[in-house]
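Participant: A single structure is presented below for examination.
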């Protein structure tokens, strides 16, 4: 077998620099699909791999392994696409929009959005499902109320990621805890010390900003026109929400996400036939092609013409190519070399915390997927925590914060692509309003350097995870 070596820091800088140059030049200057940039990046990384002594077969297996790490996300993405299509056709999403316009006052809309998405994400454990259902409805309501969509998207994502990093049902919660060798409930308790203060601060911010709007930009005629248009197009009744309630209940019962979402999509198709008068073939087709309608209201068309598996294909390709690139970087040991370069400076809980957050963010940038970040960060950083006798709960918490809360900030990552596509708001537009993410990251750094809620273990084992 041919000897292989780790890359030098210079080689890493070259490869990652070329990656960023490709992504930026393709998307910003050449107006080419980001998928092409990610695909070309495979071969840039493979050239480095061959230089390091790896065979083509080794590198191909690394790509396959990287993609396999995110297959669950791919399956959920396909399922959510089907769900959105049938739920619009079945009147579920239109009913959510209607009642939101009816009962939510503009002054508290942003706070209500944060709370609604938080409750749903904690109950279901999925940020993607939350954004694909409640998120779509809140975006539509926000547009109807005249509230800037990037601000609405920030409230949606703050609520959605709150549950994704805290719910015991969340795959990210389970992944961060298991790879850090921490009991999942011990991990959740450790997260509470960070999540609750961050959530309160975020809620205050959205409340203050919400009252600044206070209905000043609201066009009441537009709201009433939108409500009447929804009633004229769909059968709007409270029982239209039964599929949504059932999905939330099943996910809260810890049933597997993908089958539950598929059941929800099937119910949406049934609702489309029974309550909306759609023929069976057309109702089923909305799961694949998405919902499509032409009304005299252009605004309504923009709200409702979406969903379907087809609508997710571009995102799927980005995720697959991104996961493959992340698999190559993991195989080549890129992040491990970066961390080892600065390891001598990791002499305090604060420095280790900051480094963990940076590694997790870099893994999202170059690994292009939250799963890559959550898998690699604990593996790369665990020795530094053990060397300082830091409890593994601190590792799992920092990995979760850095991996989950920054995943939606990267335009070419799985979360960035999905959130921007579903909400119709670009990543860079909603990024400044992801207040929960910024507050939580800031608190994690403060905790690290002040020693607040930082736990140690004398015997350098993970037994301390059971404390507190």
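Glycine residues also receive a Cβ, built from the backbone N, Cα and C atoms like all the rest.
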Participant: Would you mind telling me which of 384-404, 405-425 Swiss-Prot tags as transmembrane segment?
Facilitator: 405-425
Participant: Do at least three CB pairs under 8 A connect the transmembrane segment (309-329) and the transmembrane segment (136-156), leaving out pairs fewer than 6 apart in sequence?
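Facilitator: No, the transmembrane segment (136-156) and the transmembrane segment (309-329) are not in contact.
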Participant: Please identify the stretch among 30-50, 73-93, 258-278, 405-425 with the greatest number of Cβ pairs below 8 Å relative to the transmembrane segment (357-377).
Facilitator: 405-425
Participant: Cβ under 8 Å to the transmembrane segment (30-50), counting only same-chain residues 6 or more beyond its ends: which ones?
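Facilitator: For the transmembrane segment (30-50), the sequence-distant neighbours (Cβ-Cβ under 8 Å, at least 6 residues beyond its ends) are 7, 11, 15, 18-19, 22-23, 56, 58-59, 62-63, 314, 317-318, 321-322, 324-325, 328-329, 331-332, 368, 411-412.
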